[in-house]
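Noted in Swiss-Prot for the protein shown:
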DNA_BIND  30-49  DNA-binding region
COMPBIAS  145-167  compositional bias 'Polar residues'
COMPBIAS  168-207  compositional bias 'Low complexity'
COMPBIAS  208-218  compositional bias 'Polar residues'
COMPBIAS  219-236  compositional bias 'Low complexity'
DOMAIN    19-71  domain 'HTH cro/C1-type'
REGION    145-236  region 'Disordered'
TOPO_DOM  1-111  topological domain 'Cytoplasmic'
TOPO_DOM  133-337  topological domain 'Periplasmic'
TRANSMEM  112-132  transmembrane segment
Amino acid sequence: MNTEATHDQNEALTTGARLRNAREQLGLSQQAVAERLCLKVSTVRDIEEDKAPADLASTFLRGYIRSYARLVHIPEEELLPGLEKQAPLRAAKVAPMQSFSLGKRRKKRDGWLMTFTWLVLFVVIGLSGAWWWQDHKAQQEEITTMADQSSAELSSNSEQGQSVPLNTSTTTDPATTSTPPASVDTTATNTQTPAVTAPAPAVDPQQNAVVSPSQANVDTAATPAPTAATTPDGAAPLPTDQAGVTTPVADPNALVMNFTADCWLEVTDATGKRLFSGMQRKDGNLNLTGQAPYKLKIGAPAAVQIQYQGKPVDLSRFIRTNQVARLTLNAEQSPAQ
């Protein structure tokens, strides 16, 4: 009778009450139980009061109760029916893992962005290179074209220049061929005797028809007879070629160019006359005179040094850009594009 009454009494008690009674019989406090089970005092109190914390999973709660029962020497089989009521097993809700898929989509989007960025960068670099190459090629073609034109013009001018002296020297005029002794005599008297004879002025029209303008100037300078007649006998007579030479006067509009490398250039003056067009070699120099302003086209500005009116001309802007120099030098030496 006593055993059945005790069994009925144990069944009437809840799990928490049985654990509390067993703890009190062993003389343990809630603090001591919490320290031995490595739990909070509040968790031990909730177990003894048959409370199931909302933030605690049923699996952990059942484990705590079993550990508590072993500590106070209560068989676990006696607590199983009460555990089913106090801490029923609940199906845990497993949240779908979205972080991996989101990271994968983000990584894919970043990959497309990087690919597009590199594509744009390659396109920009390609366009820049193509633009530079076309500009460089156009400059080279322009230089080649100007050089070809200048060489063709120089060849045509040289052919014309060679044909003119041949025609004038080989043409036979009856007037000139009929009187060779007279022309020889007059030149002999002009160059060897201090006094000029009387027939010399009569020969001038024939000489003007044959000789060049420089020789005509020499003859006119040698015609004054009284001056030559008053020359002393001991003085040496000057040749007619030296008598016609005058001291050159420096032209204020002279254009001086010194070349440090091979360079093609073209120079024209205000009248449109082409003073020079062609290739100049290294260590060469060029002195040009004409009517200002001058128009210059220089294929390699870095290879030439220009002085105009005794002052150097600045070509640094063309050298920096490595372009064909096109400039105009006016009377005030202000180069303009």
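Note: Cβ is positioned from N, Cα and C throughout, glycine not excepted.
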Composition by DSSP (helix, strand, coil) of residues within the domain 'HTH cro/C1-type' (19-71): 38 helix, 0 strand, 15 coil
Taking every residue in the DNA-binding region (30-49), the average pLDDT works out to 88
